[in-house]
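Below: one structure, written as structure tokens.
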Amino acid sequence: MRGLNKMGINFIHPQFEVVRNQDRCIKCRVCERQCANEVHFYDEDSKLMLSDETNCVNCHRCVALCPTKALKIVESDHTFKPHANWTGEHIENIFRQADSGGVLLASMGNPKEYPIYFDKMLINASQVTNPSIDPLREPMETKVSLGKKTVEIKRDSNGKIIPNTPPQIKLNVPIMFSAMSYGSISYNAHESLARAASELGTMYNTGEGGLHEDFYKYGKNTIVQVASGRFGVHKDYLNTGSAIEIKMGQGAKPGIGGHLPGEKIGPDISKTRMIPEGSDAISPAPHHDIYSIEDLRQLVLSLKEATNYEKPVIVKIAAVHNVAAIASGVARSGADIIAIDGFRGGTGAAPTRIRDNVGIPIELALASVDSRLRNEGIRNNVSLVVGGSIRSSADVVKAIALGADCVYIATSALMALGCHLCRNCHSGKCNWGIATQRPDLVKRLNPDIGYKRVVNLVTAWEHEIKEMMGGMGINSIEALKGNRLMLRGVGLNEKELEILGIKHAGE
Ligand code: SF4
Ligand code: SF4
């Protein structure tokens with residue numbers, strides 16, 4: 001029976017309350033039809049719309065679509081007897097596990113109150129000397145090129161330069177869309193990202209689920225991923241993308257693999273992933289052929305060989321404790337680009353305890369990797385791309401000043417598509433048509449509108465990046481890259497400032 005556990009009592013009180021203004025409600029039942037979680041229903045006896053809040057995830061679909069604005073969702077003020085150690089969250093999670101015997105699952109990024117270093121760094125601006133630049137009147141270069149940089153110019157016997165630039169990813173903006181597989185997100189979400197990348201002159205990323213044949217036409221703007229499960233990986237797939245990403249780790253769940261349940265493997269996803277319909281898609285935690293940097297080098301070189309040495313290879317790692325040493329090894333593996341994913345990075349599904357307790361903040365990881373590669377004289381061997389909760393253009397500017405060549409965004413791009421961060425992707429019932437494969441829900445996301453909203457978001461950020469760069473008196477991303485003098489810390493201790501390689505405000 002709904003709402004009851006095996007003991008016949010549901011210990012979990014709903015987290016949210018649906019507040020319905022009955023004077024405004026016209027009983028159109030839109031909320032009932034729109035809610036995949038079956039929260040709203042019409043009660044024949046009272047002739048009123050009522051709510052079963054047990055299943056409400058606060059996705060705001062009903063709130064946004066209610067024609068009379070009769071609805072709001074508020075957090076329940078139901079409480080346990082206050083306890084500084086045994087918080088309500090701990091108590092309820094114990095109830096849940098005592099009921100199910102299972103691992104707690106969650107999605108999207110780590111919501112815990114760890115320090116957000118982007119919010120503890122401030123950006124510089126020119127005043128009297130080194131004047132600021134007006135981006136409306138003077139050129140501002142936001143193009144970036146990712147890959148190994150040529151260190152020496154070679155000439156033939158006639159003195160003509162021999163082109164020897166290693167393969168590059170060329171972008172109009174220093175922002176790409178990070179990996180989200182077809183399976184974890186819907187066909188329409190993938191199409192929106194692919195079209196947005198194509199219009200913006202940037203890249204989107206297949207994630208580990210292969211590439212749907214309809215999207216081969218966006219290959220020029222596609223990064224194809226090779227993950228531990230090798231789903232959907234074949235020669236045409238590798239050759240269609242402009243770059244290949246080997247996923248070694250993911251910020252939201254470092255050290256563990258992935259699992260897409262069989263019920264999500266419909267005909268289309270089965271074909272794209274090259275696995276039987278209805279079978280679970282399990283990505284092992286490690287690549288079973290990689291146990292050393294030498295093994296990684298083998299895979300990097302195999303992928304380059306398979307693509308005629310024309311595609312840059314990215315190695316994606318999670319930001320973990322010894323990330324600088326790991327990145328140093330990866331930079332020597334032959335990889336052209338290292339992508340580092342911070343512990344706030346999103347995911348379609350992760351064990352809650354892993355998401356909330358494993359990994360480190362991207363800001364510290366980035367600063368330490370950039371410093372280490374510079375100190376070892378190998379920074380030009382690789383480009384650095386960072387992701388894991390880039391929330392605004394200011395985060396982009398700060399990441400680049402800390403040493404990144406470019407950023408990956410995913411959660412922000414999904415929000416542009418309508419995601420309201422309810423963090424319920426793992427249920428497969430995304431009311432916004434994004435993290436779902438249910439046909440009735442998928443069609444709620446119109447790619448014609450979706451891609452424009454993503455383009456708008458990145459265009460707006462690009463304007464803001466130019467303004468911030470102009471304010472600093474800097475006219476190119478290249479001049480901002482690793483320019484830590486443009487940052488000052490606020491409220492950070494000596495160790496944090498040392499790792500970030502920045503001074504405190506006032507210095
Ligand atoms: S969508 Fe709004 S007006 Fe329509 S039934 Fe629900 S609460 Fe009432
Ligand atoms: S993608 Fe959908 S299910 Fe996931 S957090 Fe966003 S709105 Fe919720």
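Cβ atoms are placed via backbone N, Cα and C, with glycine included.
Here is what TrEMBL records for this protein:
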| type | residues | note |
| --- | --- | --- |
| DOMAIN | 16-45 | domain '4Fe-4S ferredoxin-type' |
| BINDING | CYS25, CYS28, CYS31, CYS66 | [4Fe-4S] cluster 1 binding site |
| BINDING | CYS35, CYS56, CYS59, CYS62 | [4Fe-4S] cluster 2 binding site |
| DOMAIN | 46-76 | domain '4Fe-4S ferredoxin-type' |
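The structure, with features from TrEMBL marked on it.
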residue: CYS25; record: [4Fe-4S] cluster 1 binding site; CB count, 10 Å: 17
residue: CYS28; record: [4Fe-4S] cluster 1 binding site; CB count, 10 Å: 14
residue: CYS31; record: [4Fe-4S] cluster 1 binding site; CB count, 10 Å: 22
residue: CYS35; record: [4Fe-4S] cluster 2 binding site; CB count, 10 Å: 23
residue: CYS56; record: [4Fe-4S] cluster 2 binding site; CB count, 10 Å: 22
residue: CYS59; record: [4Fe-4S] cluster 2 binding site; CB count, 10 Å: 25
residue: CYS62; record: [4Fe-4S] cluster 2 binding site; CB count, 10 Å: 25
residue: CYS66; record: [4Fe-4S] cluster 1 binding site; CB count, 10 Å: 22
Seminar exercise, completed: Beyond a gap of at least 6 residues from its ends, the CB atoms lying under 8 Å from the domain '4Fe-4S ferredoxin-type' (46-76) belong to 2-3, 10, 12-22, 24-32, 34-35, 37-40, 420, 422-424, 427, 430-432
Seminar exercise, completed: Once DSSP output is merged into helix, strand and coil, CYS28 ([4Fe-4S] cluster 1 binding site) belongs to coil
Seminar exercise, completed: CB < 6 Å to ligand 1, subset of binding-site residues CYS28, CYS59, CYS66, seq order -> CYS28, CYS66
Seminar exercise, completed: Distance filter, Cβ under 6 Å of ligand 2; input binding-site residues CYS25, CYS35, CYS59, CYS66; output CYS59
For this session: Take the domain '4Fe-4S ferredoxin-type' (16-45) and average the pLDDT across it for me.
Result: 97
Seminar exercise, completed: Rounded Cα distance, in Å, between CYS66 ([4Fe-4S] cluster 1 binding site) and CYS35 ([4Fe-4S] cluster 2 binding site) is 11
Problem set entry | For CYS25 ([4Fe-4S] cluster 1 binding site), the one of CYS35, CYS56, CYS59, CYS62 that lies nearest, given that the binding-site residues are compared by Cα | CYS62
Problem set entry | Any further residue of that chain within 8 Å (Cβ to the Cβ centroid of CYS35, CYS56, CYS59, CYS62) of the recorded [4Fe-4S] cluster 2 site | VAL18, CYS31, GLN34, ASN37, VAL39, HIS40, VAL57, ASN58, HIS60, ARG61, VAL63, ILE73, ASN431
Exercise. What kind of secondary structure is CYS59 ([4Fe-4S] cluster 2 binding site) part of, going by DSSP in three states?
Worked result: coil
Problem set entry | C-alpha spacing of CYS31 ([4Fe-4S] cluster 1 binding site) relative to CYS62 ([4Fe-4S] cluster 2 binding site), in angstrom | 5
For this session: For CYS56 ([4Fe-4S] cluster 2 binding site) and CYS31 ([4Fe-4S] cluster 1 binding site), determine the Cα separation and express it in whole Å.
Result: 12
Exercise. From the Cα of CYS28 ([4Fe-4S] cluster 1 binding site) across to the Cα of CYS35 ([4Fe-4S] cluster 2 binding site), what is the distance in angstrom?
Worked result: 14
For this session: Between CYS31 ([4Fe-4S] cluster 1 binding site) and CYS59 ([4Fe-4S] cluster 2 binding site), find the distance joining the two CA atoms and give it rounded to the nearest Å.
Result: 12
Exercise. Within 8 Å of the Cβ centre of CYS25, CYS28, CYS31, CYS66, which other residues of the chain have their Cβ, at the recorded [4Fe-4S] cluster 1 site?
Worked result: ARG20, ILE26, LYS27, ARG29, VAL30, HIS40, MET49, CYS62, PRO67, THR68, ALA70, LEU71
